[in-house]
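Step one of this worksheet: look at the structure below.
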Amino acid sequence: MIEEGGNKRKTMAEKRQLFIEMRAQNFDVIRLSTYRTACKLRFVQKRCNLHLVDIWNMIEAFRDNGLNTLDHSTEISVSRLETVISSIYYQLNKRLPSTHQISVEQSISLLLNFMVAAYDSEGRGKLTVFSVKAMLATMCGGKMLDKLRYIFSQMSDSNGLMMFGKLDQFLKEALKLPTAVFEGPSFGYTEHAVRTCFPQQKKIMLNMFLDTMMADPPPQCLVWLPLMHRLAHVENVFHPVECSYCHCESMMGFRYRCQQCHNYQLCQNCFWRGHASGAHSNQHQMKEHSSWKSPAKKLSHAISKSLGCVPSREPPHPVFPEQPEKPLDLAHLVPPRPLTNMNDTVVSHMSSGVPTPTKRLQYSQDMPNLLADEHALIASYVARLQHCTRVLDSPSRLDEEHRLIARYAARLAAEAGNMTRPPTDASFNFDANKQQRQLIAELENKNREILQEIQRLRLEHEQASQPTPEKAQQNPMLLAELRLLRQRKDELEQRMSALQESRRELMVQLEGLMKLLKAQATGSPHTSPTHGGGRPMPMPVRSTSAGSTPTHGPQDSLSGVGGDVQEAFAQGTRRNLRNDLLVAADSITNTMSSLVKELHSGAEAEEQAGTEKTREGLPPRGTFLSVFLLHTWTKLAGCQTHSTSRERSQAYGKWGGTA
């Protein structure tokens, strides 16, 4: 008794699992019933993996399970329904890649319990065929146009006219879905639902039905159906816009823009829950956007629209012919009953007046076609046996198989009775049969080899996709080592970029110095020391970051440069200005070369010295070099003017004080 009670509780928990998960999503806080219903049914669709199955796969499953041969009012048991659902999901897993397989047993349990709760509330354990078709066709994935075409085919007669009784039955079954997710008060079935969809039309064809169902807005009782499809389309749409209420940086799904408040936009969660801020009110009209357009695209569209370049909007669906399409002729799958006696053929040939040799030639020419039909029949029968995953105990299926076997046996018996043919025909037919058997054997061998190769490749793929325990144990170590290597690489790259930047600054300063020296050296022969008509050399702009020049470090190694410059200018007019400049230039060049070598030889010492100087408030070595070059070229440029030796000595005193 205790075990039975535990099993009952487990069964009830499985039946209520989908509804418990749906309540956990808190869809009831959505204030609009249409969006609330569409969100709930979309959750059921995705949770049961029905969004992966389109309407064409559903039709194939109906035919495989023989539902297309049953009347709509026929009732099937829950076990038969479970067989149909199982075939749907097993075929789905065959189409999906190995990395995207679904849990078939869980999907079967969830969908079966949901369908029983929605369509068998009385607990009779039976559902009608039309209920199963209506529910699965409505909840499956795919295009809405294809769904509506299939639904119309189930409600129309042979002339393509919709029967209002069938439409009423479809609405009754379809509106059980909102009722199953506790939205019956908003979208429950009423007796006037049919007339609300088609109030005046008397004859409804396919195109009229599609126009009504896909209109904007659709019929009130089915307004949740197109919204559920639009939810599926915009789930992954990204809007780079900030929500005006929750201030999230971007939106996913629908975007709502107020038509009264300037640039007031809400994400779908805030709009559905009725959130508002500032001067905005829930009574304001909102426009729903299912895509994002950049301002450039909006501007181009507005210009094209104003110029009349926008193409006309395409119709929501193509126009289908009024007359329904004729069903496919599948008579070749079950061949006609063969003749029991070949005398009928002989009589027909003799009555037509054809001579006997011509009759024999025609029979010999028809033999390959007959053999091809036989082999095609065998191949189709074997394919059907291999394709059927489950054997259904349906009387129609068994009768069809018995009829097929009987006709094939009759054909074999008829061929066995044709042993009275001439020897030439028998030998020719024997050779043809032998060649056909050899060809069949070769094709079977090739098919067997191909199947073995496919199986081998599938096993290799599965083994490669499943990591071994040793690899799983080594993976953390490899990942840690890879992380350390990447961190070390980043540090080295930062170090290299810093060194390159420092080297680039020094090279720029050296290039400027050499250009100034060359310009001064080339301009000296044409400029007399006593002539004041020459233009002074442009002075470089002084950086505000250059403070007082430090009196230690690299400054000591440059003290000789200042001495050479002072010595070069101390002689006044007694020495040639050109020689003085050359001596000063050589001294500066040698000093700068030694400074560059010193900078490159002690990278770590420079960083430490730079840190100490930064703490003491002193500028780095590059700043000192800039100040030194600035003052040096100030003195060199001042030599071209008619300054007295007294002014130059004052300038030297100022230089020494600055240094």
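Every residue gets a Cβ built from N, Cα and C, even glycine.
When Thr69, Thr99, Thr420, Thr614 are looked up in Swiss-Prot, the one carrying the note phosphothreonine is Thr69; the rest have no such note there, which does not rule it out for them. Feature annotation from Swiss-Prot across Thr11, Thr340, Thr611 places phosphothreonine at Thr11. Segment annotation: Swiss-Prot labels region 'Syntrophin-binding region' over residues 369-418 (candidates 19-68, 119-168, 369-418).
For the residues Thr212, Thr632, the entry in Swiss-Prot flags phosphothreonine at a single position: Thr212.
Swiss-Prot marks one residue of Thr179, Thr634 as phosphothreonine, namely Thr179.
Checked against Swiss-Prot, the residues Thr74, Thr424, Thr522, Thr644 yield a single entry marked phosphothreonine: Thr424. Between the CA atoms of Cys261 (Zn(2+) 2 binding site) and Thr179 (phosphothreonine) there is a gap of 37 Å. Cys270 (Zn(2+) 1 binding site) falls within a helix when secondary structure is assigned with DSSP. All chains included, 17 other C-beta atoms sit within 10 angstroms of the C-beta of His280 (Zn(2+) 2 binding site). Rounded to a whole number, the C-alpha distance linking Cys267 (Zn(2+) 1 binding site) with Thr212 (phosphothreonine) is 30 angstrom. In this structure, the CA atom of Thr179 (phosphothreonine) is 23 Å away from the CA atom of Thr212 (phosphothreonine). Long-range neighbours of His284 (Zn(2+) 2 binding site) (same chain, six or more residues apart, CB within less than 8 Å of its CB): Cys258, Gln259, Gln260, Cys261.
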